[in-house]
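Copied over from Swiss-Prot:
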- S24, E26, D50, H53, D161: Ca(2+) binding site (BINDING)
- R172: site 'Important for catalytic activity against all substrates' (SITE)
- H345: active site, proton acceptor (ACT_SITE)
- H454: active site, proton acceptor (ACT_SITE)
- Y461: active site, proton donor (ACT_SITE)
- R514: site 'Transition state stabilizer' (SITE)
- E628: site 'Important for catalytic activity against all substrates' (SITE)
Amino acid sequence: MLILSFLCPAFLNAQIVTDERMFSFEEPQLPACITGVQSQLGISGAHYKDGKHSLEWTFEPNGKLELRKDLKFEKKDPTGKDLYLSAFIVWIYNEQPQDAAIEFEFLKDGRKCASFPFGINFKGWRAAWVCYERDMQGTPEEGMNELRIVAPNAKGRLFIDHLITATKVDARQQTADLQVPFVNAGTTNHWLVLYKHSLLKPDIELTPVSDRQRQEMKLLEKRFRDMIYTKGKVTEKEAETIRKKYDLYQITYKDGQVSGVPIFMVRASEAYERMIPDWDKDMLTKMGIEMRAYFDLMKRIAVAYNNSEAGSPVREEMKRKFLAMYDHITDQGVAYGSCWGNIHHYGYSVRGLYPAYFLMKDVLREEGKLLEAERTLRWYAITNEVYPKPEGNGIDMDSFNTQTTGRIASILMMEDTPEKLQYLKSFSRWIDYGCRPAPGLAGSFKVDGGAFHHRNNYPAYAVGGLDGATNMIYLFSRTSLAVSELAHRTVKDVLLAMRFYCNKLNFPLSMSGRHPDGQGKLVPMHYAMMAIAGTPDGKGDFDKEMASAYLRLVSSDSSSAEQAPEYMPKVSNAQERKIAKRLVENGFRAESDPQGNLSLGYGCVSVQRRENWSAVARGHSRYLWAAEHYLGHNLYGRYLAHGSLQILTAPPGQTVTPATSGWQQEGFDWNRIPGVTSIHLPLDLLKANVLNVDTFSGMEEMLYSDEAFAGGLSQGKMNGNFGMKLHEHDKYNGTHRARKSYHFIDGMIVCLGSDIENTNTDYPTETTIFQLAVTDKAAHDYWKNNAGEGKVWMDHLGTGYYVPVPARFEKNFPQYSRMQDTGKETKGDWVSLIIDHGKAPKAGSYEYAILPGTDRKTMTAFAKKPAYSVLQQDRNAHILESPSDRITSYVLFETPQSLLPGGLLQRTDTSCLVMVRKESADKVLLTVAQPDLALYRGPSDEAFDKDGKRMERSIYSRPWIDNESGEIPVTVTLKGRWKVAETPFCKVVSEDKKQTVLRFLCKDGASYEVELEK
């Protein structure tokens, strides 16, 4: 049974959960099953972690506390389907640290089966989550019926609370610390290695601090302070809000001991996942006892203290409140050496901790608590991880997001010592290597501008990571600790790419990860920080490109912080305005909307931009997943990267958003993501069946294709193409296949499909040309009269469609759907244009062209004389030419077995993407790309079940994920003799009057181009 607690003082000390396995000691009498040997036992209100009481155990040397009852230990699932393990969970309070340990022993009928030691050299609360079968000595047995706690060879007193004899928990997350350093010893998860990394030693020598270095330390401290704090005033309203929030925690002192409402990290609730019905992972947050709000209040108090007048009553009040909260949270176990049993993803919970302590550095010094506070910050920021020289480029995006601020705060908290200098040198080196292009699917930044998390390009995580990266690049800029030019330029390129694929600020739907809600955006402040960090080579005080990009982006960022998703960094509008003013005063002006073409090999993404519109294609492959689904996140977005093409647009002069582009969540048919060729399923069948498939992953679904060919080519950064072999995973409709291509030529996008097939006889297969929300009167009036016939269609947003194949128009007023996160029913008015391939199609195909930002007259003329002609459209290749643009675009799915149509390009020796542009009678621009990232070669690394079906496996289990992209030679044969300036990636194999043979060395899914001259 769960006893819920609500956000009011009367309930904040209620016992969290009652269960026969849980001991919280809230009854006045000792439980009958608990006895002691050479011990005094009692119920105490002096210290408590759950409810208002704990068990007080005063022991003589080698005394024992015994609990006799069925411990409810369960063995791990022998079938391997359930990966959870039985864990013992306990909180211990110690008033007097002892360099000793107590021993927990688990017995069956008096015979010891398993045990573990717990160090007691601490003051305050500490926790242990210890898995019986993995972490303990001995062999646990079902039916164990006694817990014995054995004291060390010394007197002492401990308080015990929130003891759970056994409960099944996710076995990945238990955390070692100073008390239980042996727990989960094999983990390399970066959230869980606090203890291991606390032992790391520096490889940079200690040196005296020079005068210049001392000045730089002051500069760093000032820059950091300005970054996290903007001077303001403390209003009476703000002071009153702080008082009310502070009073909720009921912090009091008695006999020199602090007490108050128990505080937990959000993940502590995972102890109850298998104990209570309707378990809610966020229950502790809802109960008001989670530490994120606590640290946010500490930061708020620190800001109020800094904003108030010296010697004023409110300043003294804020100081008292801050110190009381500091004492209480330290007592609660937020201290050096403590990991609360389960600490995964704690970065978000302690985000406010670091700036709060840093802003009160002087107060903590005055109170003699600075050293303790420093150590606390260094422990949770895992600052010692920066000591060894990085072995390779890149770090996890979460480290940038949640650890950079903590690490630099923990270092800048220190006095100006040689140790501080050593930390600063180590830290700047760590940031430098972290910002460099990472190999394979490793985090965080890619050579092409991709920003990686969860082994894919993931803007929603990148905005948090870029917050850390850009802040640190600025912090160290123009000092002896500045990052390298490569690191600086890599992050700059990531931001330039992001402002290209976002329009104006919003992520494309297909690039929204598990948040396809239209709310994710880039953060203009990142561009501001890079603008004032100067040029990558360190020569310029400002970066012109970043300044111009920032001034364009910030002008339209009128969204309120309240509307922003939780993962978006919080930004001060005052700071935005201040930097914008500074840049304008220095002569910088906003850039125009970016134009051209971008291909992200590490995102399976192609983007074409003209005027204010963008077209974003996304696919997936054997390297890059199609969609990320969690329980309660992205339930229906299976087809997001099945060759989708989203047009983001707005009337001239308006800011482009999902809404101006005809998208909203209400009523959106998740089957009909524009551009996608998919089986149109009932939403119950489309809903992700989220599983925990292996020990490398949690409850999540990220499905892969077994095809390596998926990605784009970009020619001269102005035009391009995109192709993919679509093969759906066997988890759902594994017989579904298609060959899809997009050809981006100036303001025209030609969309081709062939070889569409599956054996699903229950539901039709469709290619969606558009699906648009109809949200206002003008749009309703527009569609009343229909907006197309035959081959020509115009939507109400100014986009034209040329469709030379039979298509079906649907007007669904209303159309019913479901929310991506809750599954709750929604409705809206929508129009769709689709190509129906029928049920279980064989050799299906389609052809259409899109012209955004056009008019009916132009479209009518286009239909009479299309600006392109298709030369080949089959399983082997999609090839077209645009005579007016003098471009021929090749998507070669298979190695050509005969001469290719189109003139210049005769053969290639492998599948690839090619674009040829005739620049003059004697000059040609040739671009070649191999979309296969080649992280491994040969057949796809699938595992098959007994029926020969591809099994679902997590990306994290694959051994090749951190491999460098391999080089793939692509040999092209051109008609006639051509002169080529050789490059490291392009060599002439042979040439004569009849033909010229070139060999390109392709990697990273990148585009390589050369100029050919007669």
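Just so you know, glycine gets a Cβ as well, placed from its N, Cα and C.
Residue environment of E26 (Ca(2+) binding site) contains 18 other Cβ atoms, counted within 10 Å of its Cβ in all protein chains. Looking only at the recorded positions S24, D50, H53, H454, E628, the one with its C-alpha closest to Y461 (active site, proton donor) is H454. In the three-state DSSP scheme, R172 (site 'Important for catalytic activity against all substrates') falls into the coil class.
Spacing of E628 (site 'Important for catalytic activity against all substrates') relative to H454 (active site, proton acceptor) is 9 Å (Cα to Cα, whole number). Cα-Cα distances to H53 (Ca(2+) binding site) place none of the recorded positions R172, H345, R514 within 10 Å.
When the recorded positions S24, E26, D50, R172, H345 are ranked by how far their Cα is from the Cα of H454 (active site, proton acceptor), H345 comes first.
According to DSSP, the residue listed as 'active site, proton donor' is assigned to a helical segment. Long-range neighbours of D50 (Ca(2+) binding site) (same chain, six or more residues apart, CB within less than 8 Å of its CB): Q15, I16, S24, W91, D161, H162, P262.
Checking each of the recorded positions E26, R172, H345 against R514 (site 'Transition state stabilizer') by C-alpha distance, the shortest gap belongs to H345. Long-range neighbours of R172 (site 'Important for catalytic activity against all substrates') (same chain, six or more residues apart, CB within less than 8 Å of its CB): N184, T187, N189, H344, T695, G698.
Residues Q15, F23, F25, Y48, K49, G51, K52, S54, H162 surround the recorded Ca(2+) site, their Cβ atoms falling within 8 Å of the Cβ centroid of S24, E26, D50, H53, D161, which are themselves excluded. Listed in sequence order, W191, R267, D398 are the same-chain residues six or more apart from H345 (active site, proton acceptor) with CB atoms under 8 A from its CB.
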